[in-house]
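Peer 1: Take this structure, written in structure tokens, and hold onto it; I'll ask about it next.
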Amino acid sequence: MKVDLKNTMIKVTFICLVMFCFTSIFSLLSARLNNPIIKLWKEIIVVLYYFMTIFYVFLARKSTLKKIVVCVFLPAFIIVLYLITALGNPLILVFYQVKSDLIPFFFVVGLIAVIDDSKDAFLVYYKLVKTLIIVGVINFALIIIQKIFTEWFMLFLQIDDFNNSSRGSGLRLDNVNESLRAMGSFTTFIASGTLMVICFILVNEVKLYKRWLRLSLSVMFLAGAIATTYKTAIIGIALYLLIKLIIYFFQGNRGIKNTTIIIYTICVFFSTCFAFNNYFLYNQLKSTSVHDLAYSSIYIRVKQHSDIYWDVEKSNLITGVGIGVNGTEGPDGFKSSSKALDSTYVNILSNYGLLGVILYLSILFAIMLTITAREQSVGENTALMLLLYHLSIEFFTNNILMNFPLNLFFYIFVAFPIFYKDIKK
């Protein structure tokens, strides 16, 4: 019997993606068993998947010049360049940073290797959307259960009190007003809240379902985001709804609609840049009834950004303080004096300097312009809206780059319109 290698690889792809959506299970196992192999399960799966896809490309004779360049030579070049630029930094910190910054891209590259053309891309994309929405519904149910039955949930985990270290339980258990910030099927409430935003966007942009079901799912995912108390997710959905209202008047004119999204993204980007790097907004709110909210959401972020910026300026404003030097996550014994990197902005600034920040922003805005300028492509609306969310609010408030598997989903949805034209027409 002839084996359909392509369908087999696509099935493997979705098995991996579903596993990534339940990181909490593996995190609990790794904490209970204290097994270093289980702790690296995500990275091991991604690397194995990448090599499987490359093997598939050559075995199935799908090795076009474009695939070889994108899937083999480009990753090899980036890894070598990364390691060369990291010379002089502690090797263990460099490899730990590679784990979070580069490893997720290998899964995306592997997925590109499996997909032969736009027809394949179209089918895989819609299957991915359906899968993620189902996971989102499951995640919503877990969020509600964790919120309502918090004490039982804590007893199930055999934890006496909330903790933030992720070491005792394998989960990050945050609380606000003595209430658990539910993490759903993930290890943090941030990941769970971000998934709610992604699912909210997918439901309304891809439009796989009838209007009444889209509305029901939208309400569900909004409620899930609110239940996690993740303010970035809630604001992100609000910004998304506002731009949807604005572009409603440009229905049928793709060019004007996409250009409006880019202009909107730029305007909100500079607004949040000012708000989270200057005490002006906090000073206007500190004497009001929302003082506590302003302190935790604005003041702390501005203080952290200023602190990291001055460290970078004293070290090297162009290239940063060094790869892996800051950040609370990392190998034991190396992070005793490092500082938290709670936003994408300071994460890139600390590790790669102002040059890294400029390069990163240039690439993402260039992707938005490319999607707008070229023919209609697979998933372009979703990609633009996710880039809007990331650049307008998430960039200065939280760090999706260190947030697996949300960083992986983000990269995948942005990659589709870059490589594949839309065939719906």
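Cβ coordinates are placed from backbone N, Cα and C, and glycine is handled just like the others.
Taken from TrEMBL, the feature transmembrane segment covers 12-34, 40-59, 68-88, 94-116, 128-149, 182-203, 262-282, 352-371, 402-420.
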Peer 1: Please indicate, using numbers and ranges, the residues of the same chain that are 6 or more beyond the transmembrane segment (402-420) and have a C-beta under 8 Å from a C-beta there.
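Peer 2: Cβ under 8 Å, 6 or more out: 17, 20-21, 23, 42, 100, 104-105, 107-108, 111-112, 115, 117-118, 121-122, 125, 128, 132, 188, 190-191, 194-195, 198, 327, 329, 341, 347, 367, 370-371, 377-380, 382-383, 386-387, 390.
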Peer 1: Let me spell it out: take the transmembrane segment (94-116), skip the flanking residues so only those 6+ beyond its ends count, and list any with a Cβ under 8 Å from a Cβ in it.
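Peer 2: Same-chain contacts beyond the flanks: 6, 9-10, 13, 16, 42-43, 46-47, 49-50, 52-54, 56-57, 62, 67, 70-71, 74-75, 78-79, 82-83, 86, 124, 323-324, 329-331, 351, 401-402, 404-405, 407-408, 411-412, 415, 419-420.
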Peer 1: Given the cut-off of 8 Å on Cβ pairs that are 6 or more apart in sequence, determine whether the transmembrane segment (128-149) and the transmembrane segment (12-34) share at least 3 such pairs.
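Peer 2: They do touch: at least three Cβ pairs between the two stretches lie under 8 Å.
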Peer 1: Determine which residues of the chain contact the transmembrane segment (40-59) at the Cβ level, with the cut-off under 8 Å and only residues 6 or more beyond its ends counted.
Peer 2: 5-6, 9, 12-13, 16, 19-20, 23, 26, 30, 67-68, 71-72, 75, 99, 103-104, 106-107, 109-111, 113-114, 404-405
